């Protein structure tokens, strides 16, 4: 039967009226509509037929709206509990529909069938229960039913309103009473804005409901979010009866009405002021009746002033009816009620104030304007005429010496200016104020051509200068009104070149404000485009300073000088760069402005931008085609500006470095394709690397100090370090390594000889080394060590003097100086013990120094870096945990010392045993033993089982703690840290290597004299990426010479070319095979085709003549064809695994290579006829 229920009818309720509390105010979905009385077919006479008909045409929601209990029961028999509470498309449940229509019986049926009495509707932004709905629509029976069935009277809507808020807003007194008595609703419940039902009753003027709420305990002192009580609401809304009733209730409750009235809301207004602002005279009278004091208000909210401003004559008359109202009182802005009324232009209020003693003229000592000026300011014609008729003075001046005509011109109201001039204002036409400005100045500054024209017609003087010596024409150009400027210039053309106190003409003001039309007009009229003020600033510089691009272009089009200098020697370009006006900088550079001018902003426009911290402008300069000119300028610190870019703007520096890599115009696959790396900005010539203070600039070193990893890994930096390493490592560092190796070998000889002598005292051992070397060569070895150590120490002392504290930051310096000192002591002392000790130390330090040399010599030096990093971590960790190690050493010394345990046990300690035989005999020995135990040599049986212990339990317990903390936890911590360090180094291996190279190169070049640096320095280098062998040109020349010499000796082609062709052909097919293997690893045919398209030119490069060098030749046609045929057979075997498209390409490739081989063979006879090596080379190159 449920399938037959028709759901086509839209269920819902009527749309509610507007609700000011933001509930039920908008409907995003249509409410449930009422079913028409004529809906469907005519009812049958039979009740059964009628019920069946209605059941087939209605759904549950509509049946609830209709209140047809029989249909509701029929539908409920078919629906589950879940469906009873289900919401309709409108977001309402059946309970809401019945509550809306006040269908008490239906509600009870729904509740009896399991409907939730507090089910929540889900309409847009509304959370409403059936009780909310019934309360809003004044459904008294529904409210009673819901309350009797346990509906929550304190449930909140989306905005926090309770059902009582809804009842107070719209319902009857009876329903309010029912909610408070039967429902036990809280009369002081708050919504989200802290409004109580009492606030709402006062707002809507429901005195009857307000009385009921008060009778049930509503608190009239509660404040909402705006700090207002119900009394404030009543005064603001003009609810006089409610206001009076609340104040009477407060009086009966023993509260101070005066205090309640004077309490202020969050805006600082009390009840009396709210009534005045709202224009509610009777409410204000009630406030006064209950103790409102006019004097207890803030100066910015005086009642009489407010009423005068609002033009509320009734309120003004009421307020003035009280004798203690002061009509001369000034508010916080220094305005009196008369001035406020004059601004509003209300003649009635002005008249009433005058009758109450208000003065038309300002009081003596007052700085306020006159009422006439206020009326003029707002253009209140009626008020102006009234005031003039009652004695207002036209010639009165305010505290700034302004007259009414000044104020009228400043206000820009034309009819007011006309009125003043017609009445008695002609004498004021050239009057000046405190700043010596006339009304014409004011009109010009406002850019009002109508008023300017009227004043000029009335005889205004255009040559009057103000305090700053400005004419009205200056102000007109500043305002930007072209018509005003034309009027004033027609009146006096000489004002075009008039100067104010800073020697600025009117064009300066037009430029500063960016008025292009005015600037063009002035220039057309003959204004000087390169006029200079007292600071030698031109209009072009002003435009560059304030970023007036279009004005600047106009000035340049009219011939403004780019190279004009101000007092601080800056040009327009310097000014624009310093203040970050990038677009203007680009325009000036395009027009040829000097980028290298020295000014107070810096050396050139780039340093000016850097000094102004304008990164965008720096980037704009670098992107310009004249970037190199700007960067090469030496800054105030004596270095090129690249140094400052590296320090402050690394992103800009990266762009510069990108521009320092220039590529040739050849195709990327062309053998002649090249890249030129320019190093002059990162590594200047030696004479420019050091400034007057002795500081040295090296670009990669600055990157390292600033931590710019991306710049260190930049191709330019890597190429520079590669060049530096080739120049230094191969020549000097390797030489230093060999010298260190020699010194180390010399020390080894001395140590071995000392050891041999210690065996028998006279080198009488059977060792050949001892007999032959030690007897004859020991003294020379000592002398060599002494001389080398002495000279090296002197050089290190000099370096300490030069490098100061930076010297000690390098661990290699510490190793070297330690090595030379110990070596010098070893060959100088006579004691055999001391000699051997210092020699051993010197050798150990010598091998560590050799290790540090390897760090910067070879790529494997990264592992040396790992070693030093792990060592640094170990030292730091041991330093942190040394106290723990020392604590265990002290405890073991106390518990495990043989002598102490023997004494405690009453045994006699054997005198023959020495302390060195006992690992815990001394604290230092105990500490070394603890370190030994940390790496796993615990010797538990020796010290804790076989040995008698004085306190065995405590000793073994401490040993257990030691095993957990030191060998297990501590050592695993060290291992973990070491692994982390190594992993970090591996991830940044290239960066680490470059950092080491940078440090080594920087330190090494500091030690070299400049004449050596000049020889080693390279400004740029050109690389040919497609020429894969570094020394291929040398091998090519050798092979070419072999061919030429063989031909000249009449040798056969086969004899000459066998070796050459074999190497060339093998290389060629090895290349093809490599590419083939790479290609097979790609996933699809499209990628393979793409690979071979790229690979074919790479293979062909083997047969081309490179620029400036010879190529390897292949000869012997038959041999080449045999090799090619063999390769074809190999590829044919793979045909079944190879795409046909690729096989075709390989075949075409092989055919083209065969053709090229034939061309080379055909060219060889021309080589025979050549007379010299050079002629043969040129001949072949021309043909190929």
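In case you wondered, yes, glycine gets a Cβ from its N, Cα and C as well.
TrEMBL entries are annotated by machine, without manual review.
According to TrEMBL, the feature transmembrane segment maps to residues 732-754, out of the candidate ranges 686-708, 709-731, 732-754, 755-777. In TrEMBL, the feature transmembrane segment is placed on 836-854, out of the ranges 646-664, 665-683, 836-854. Residue ranges 783-801, 897-915, 916-934 are listed, and TrEMBL annotates 783-801 among them as transmembrane segment. Ranges compared are 612-634, 957-979, 980-1002, and TrEMBL records transmembrane segment for 957-979.
Residues 874-896 are the range that TrEMBL records as transmembrane segment, among 575-597, 874-896, 1012-1034.
For the repeat 'ANK' (126-158), the DSSP-based tally of helix, strand and coil residues reads 16 helix, 0 strand, 17 coil. Helix, strand and coil residue tallies for the repeat 'ANK' (535-567), in that order: 16 helix, 0 strand, 17 coil [DSSP]. Beyond the repeat 'ANK' (333-360), the same-chain residues lying 6 or more positions past its ends with a Cβ under 8 Å from any Cβ of the stretch are 300, 302, 304-305, 307-311, 313, 316-317, 320, 327, 366-372, 374-375, 377-378, 380, 382-383, 386-387, 390-392. For the repeat 'ANK' (502-534), the residues of the chain that approach it from at least six positions outside its boundaries are 471, 473-480, 482, 485-486, 489, 493, 495-496, 540, 542-543, 546, 548, 550-551, 554-555, 558-561, 564, judged by C-beta separation under 8 angstroms. Outside the transmembrane segment (874-896) by six or more residues, the chain places 920, 922-923, 926-927, 929-931, 934, 943, 947, 949-951, 954-955, 958, 962, 965-966, 970, 973-974, 977-978 with a CB less than 8 A from a CB of the stretch. Mean pLDDT of the predicted structure over the repeat 'ANK' (159-192): 85. With respect to Cβ pairs under 8 Å, the transmembrane segment (783-801) is most closely packed against 807-829, considering the stretches 732-754, 807-829, 836-854.
For the transmembrane segment (807-829), same-chain residues at least 6 beyond its ends with a Cβ under 8 Å from one of its own Cβ atoms are 743, 747, 750, 782, 785-786, 788-790, 792-793, 796, 799-800, 835, 838-839, 841-842, 845-846, 848-849, 852, 868, 999, 1003. For the transmembrane segment (836-854), the list of distant contacts is 733, 736-737, 740-741, 743-744, 747-748, 750-751, 754-755, 758, 811-812, 815-816, 818-819, 822-823, 825-826, 829, 860-861, 864, 867: same-chain residues at least six beyond its ends, Cβ to Cβ under 8 Å.
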